[in-house]
Amino acid sequence: MEFPFDVDALLPERITVLDQHLRPPARRPGTTTSARVDLQQQIMTIVDELGKASAKAQHLSAPITSASRMQSNRHVIYVLKDTSARPAGKGAIIGFLKVGYKKLFVLDDREAHNEVEPLCILDFYIHETVQRHGHGRELFQYMLQKERVEPHQLAIDRPSQKLLKFLNKHYNLETTVPQVNNFVIFEGFFAHQHPPPRKLPPKRAEGDIKPYSSSDREFLKVAVEPPWPLNRAPRRATPPAHPPPRSSSLGNSPERGPLRPFVPEQELLRSLRLCPPHPTARLLLAADPGGSSAQRRRTSSLPRSDESRY
């Protein structure tokens, strides 16, 4: 691919690595700010044109590589230039390879989901006029050495049939692991995938271990009142200065007054005998000529000396 500016001066190396900043690889001494802006604009033009050519070759509706996409993602693009051809003394671009790390959920051979973040092949293009000349292998091999990865460790985003044949021919990547997304991985991908370390909570020192919680300790400080009737022991309650207001809610129980002391059983029976009968009880006794069974039992229990008096 040819451009109206000097590609050889802009990209001094045969393979140039560009990150999201798309800055010129080397600054010339004495270059002004406006000149650096012009150089960056030229690099952005190269990236845009390469993305359009790749999309056309893959029959895509829109380019997946552009200067704006590069600036908004942490991707890396490897640009290969032609050092032999010098049309009009400006040089030419052969192709490019874009890679980047992405967090993916992929299936292994047991169909289990795995969260990984591998290096992904995102776009790969060699100009049609120079294909099958070893340029693609040269560019791909340079990327593997630069990124320090093996071919089977890569994940490829929507690879074309040409790319799959390329990987099979040069790197023996043939057997794929089926996925539900657009990425393709090959057999041996999980051999070098290490799960992220699991963060465990710090171990508590032995002196900090408590046998019970603070709420339990507060509960133990409060004296528990024994159940009824053991709580009927005589005690003198101090009358409150202001009596508590009665609750107007139906769901609340009434306030309990001070507990009264025990009453002996004999004293309780004596008070029941001395208590005058209820008027209704008098009517019932008058209606029963024979007297109630309780009255008969009380009469029969009197001493015989008393019976002689009546």
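Think of each number as a place in line: the chain as shown, counted from 1.
Note: Cβ is positioned from N, Cα and C throughout, glycine not excepted.
On a predicted model such as this, the values are computed, not experimentally measured, just so you know.
Of all ranges given (195-223, 282-310), TrEMBL attaches the label region 'Disordered' to 282-310. The Cβ of Leu167 (acetyl-CoA binding site) lies under 8 Å from the Cβ of Pro151, Ile156, Pro159, Leu173, Phe186, each of which sits 6+ residues away along the same chain.
Closest by Cα distance to Gln161 (acetyl-CoA binding site), from the recorded positions Lys56, Gln58, Lys146, is Gln58. Here the candidates are the recorded positions Lys56, Gln58, Lys146. The one whose C-alpha lies nearest to that of Leu164 (acetyl-CoA binding site) is Gln58. Between the alpha carbons (Cα) of Gln58 (site 'Crucial for catalytic activity') and Lys146 (N6-acetyllysine) lies a span of roughly 26 Å. You'll find the Cα of Lys56 (N6-acetyllysine) roughly 11 Å from the Cα of His127 (acetyl-CoA binding site).
A Cα-Cα distance of 15 Å separates Gly136 (acetyl-CoA binding site) from Lys146 (N6-acetyllysine).
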